[in-house]
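Notes follow once the structure below has been shown.
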Amino acid sequence: MQLHDYMKYLDLAFCMAMIPPFQWNGRPTERNKNEKARKTLFVIGLILLAYLNVGFLIYWILNGRKASNTQDYVAGISEMAGSLMLSTVATCNALVITINRPQFEEVLANLEEIHPKSRDKHYRCQHYCRLATGIMKCEGIYYTIFVIYFNMAPLVGMLFEYLMDKENFSYRLQLNIWFPWNIQDSVLVYSLTYLSLCYTSCISVAFTMITQNIICIFTFQFKLHIDGLADQLITLDSRHAEAHRKLRKLIEYHYQILKLGEKMNKTLNISFLVSLVFTTIAICMTSVAVLHLDLGSAFQFVNGLIAFISYNFIICYLGSEVTDEMQLEDFIRYPVLVCRVPQLPRIEWNGRRLRVNRNLVKRFIFWFGAINLLYHNIGGIMYGYFVDSSAIDPIDYVAEMTENKQLSYRIQSNSWYPWKIEASLPGFFAAIVCQAGSAQANMCVIIFTQYLITFFVVQLQIQFDGLAKRIEAIDARDPTAKDQLKSLIKCHNRLLNLADSVNQSFNFTFLLILLASISSLCFLGFSIIVMDLGTALKQTMGLLIFLLYNFSLSQDGTDLIFVSEKVLSAAFYNNWYEGDLAYRKMLLILMIRASKPYVWRTYKLAPVSIDTYVNTLKLSYQMFTCVRSLK
């Protein structure tokens, strides 16, 4: 992977902004076609972008401040402020990119010089390139949708107005902005004004994308080099004769990386300041405008509000990626959030930073949900025995007024309770609360289990991947190679034992998921085709939950299989042929142990993998067709 591979989406943004992409020593040069025409369009775009700031103010002075009531006045000034902040941020980004272009190209040239070679084993070039391009791709898709919606909204409104009243309709623009001509007098004048705003919005979004893509590229380049530097420091053997010289080079390398970071920060200082101040004002004023405008305008401003929030979030997220040091507790953030809803006991271990004591209220919430969840299984069975099949089906709560003014009391699911529900408000609400508690506990336990399994899989992936890199990086000619390999063999053995412990802990969970998925997919599918529409929609949601839940766990097992295979390939591509006989025998033992990929199994029977998931779907479908034939 080369530095040039990061530039795909950044170059597309440059093309959208009508300016040539960044060039530096080492990048393949591309012929800039229609350079004069692009420069002319770029200058026109900057002039129109700068005019927006003036046009918003003039429009509000001539129209907005003359509002007859307080609500219209607040809506007008909020709309003007939100639009003004949007154009100001875009103008600032355009000026920063244009004025500081030499500085950006100089930083990129320095990154090209220190970019790792493809054979360097200490760097995860493909991993970070894939992450960076993935984020930039998502940004590009979102901003493309934003521009299309922003420019199409007034045309759709005019079309709707024309269909409702074929005689008269008003010419609407994307924004409330003043022009020194009247756009209502001529279709041609309106069309030219509309197209100019379309082009200005494209330029504005293009420079926003360029700013974010530059930050994204540098962020992941910084992480790439810091990660590679840390790996080199870990593998540095202080007993080696050249260790002092290698350490000096690594210190110089670290200083160079930090210097590039400071230079990039200084270049983007204005963009960071504008993003912090103006987006805060814009989010505030746009939110106020959404509350006071009509539905169509409010919906349009909601889109702008989301754009501001996502723009600020991406910049802050990328900054956090540079500064944050991942701890084990950071991987379990979302399981902790899920635990807070039903007040499940939090997982604790030695070394965890914060400990939480559960008070009496939290314990009551937990036991209330747990007891109701346990009873729900019993009540569902008892419902089938004690409730008449001809009775009204209590599927979900719907209050319907009939001709004789009677209510039908319906709860979330079929379950028997030892008190009266029909024609009794206290009994009905008691059943609703109990089922709500059990449903909350049920869903949170399912999500928590899924998150916890994913957490362990990710941790095992990190360990297997790191082990493979360290095995491949061993130099068989080094006198300490046997000692390094011996410690890695012990690490591999410990890693397999840890994975076995996790498998044993989740054996019962895997078995329940396997059996429940086979039966539930069959009977939920059958209930969908024989019940009424409301019940069928509800059962469809349950069916989708089972499908996604089972697929997620199966995918986690498959990921673990694939990452465990890296150990064998790493041992094979090691320069074992340059080591002595004892080293090769030790490596052979490791290769024999790693020849079979590690697989999680359900009580040593069915593997947890996508293949098992597909077989589960096949068996469920066979049961479904069998049950349907008995209909």
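Backbone N, Cα and C atoms are what each Cβ position is placed from, and that goes for glycine too.
Sequence annotations record features per position, and here TrEMBL assigns transmembrane segment to 41-61 (among others). Long-range contacts of the transmembrane segment (41-61) within the same chain: residues 17-19, 76-77, 80, 83-84, 87-88, 90-91, 94, 98, 175-179, 196, 199-200, 203-204, each at least 6 residues beyond the stretch ends and with a Cβ under 8 Å from a Cβ of the stretch.
Same-chain neighbours of the transmembrane segment (73-96): 17, 46, 49-50, 52-53, 56-57, 59-60, 63-65, 67, 175-177, 203-205, 207-208, 210-211, 267-268, 270-271, 274-275, 278-279, 281-282, 285-286, 288-289, 292-293, 297, 301, 304-305, 307-308, 311, counting only residues six or more beyond its ends whose CB sits under 8 Å from a CB of the stretch. According to TrEMBL, the feature transmembrane segment maps to 73-96 (among others).
According to TrEMBL, the transmembrane segment annotation covers 140-160 (among others).
Long-range contacts of the transmembrane segment (187-210) within its own chain (CB-CB distance under 8 A, at least 6 residues past either end) are made by residues 9-10, 13-14, 16-18, 41-42, 44-46, 48-49, 52, 86-87, 89-90, 93-94, 97, 139-140, 143, 146-147, 150-151, 154, 171, 173-175, 177, 179, 181, 311. Taken from TrEMBL, the feature transmembrane segment covers 187-210 (among others).
Taken from TrEMBL, the feature transmembrane segment covers 268-292 (among others).
Taking Cβ pairs closer than 8 Å, the transmembrane segment (298-318) reaches residues 79, 82-83, 85-86, 89, 135, 139, 142-143, 146, 149-150, 153, 208, 212, 215-216, 219, 272, 275-276, 279-280, 282-283, 286-287, 289-291 in its own chain, all 6 or more past its ends. According to TrEMBL, the transmembrane segment annotation covers 298-318 (among others).
The transmembrane segment feature in TrEMBL is assigned to 364-386 (among others).
The transmembrane segment annotation in TrEMBL covers 441-462 (among others).
What TrEMBL lists as transmembrane segment is 508-531 (among others).
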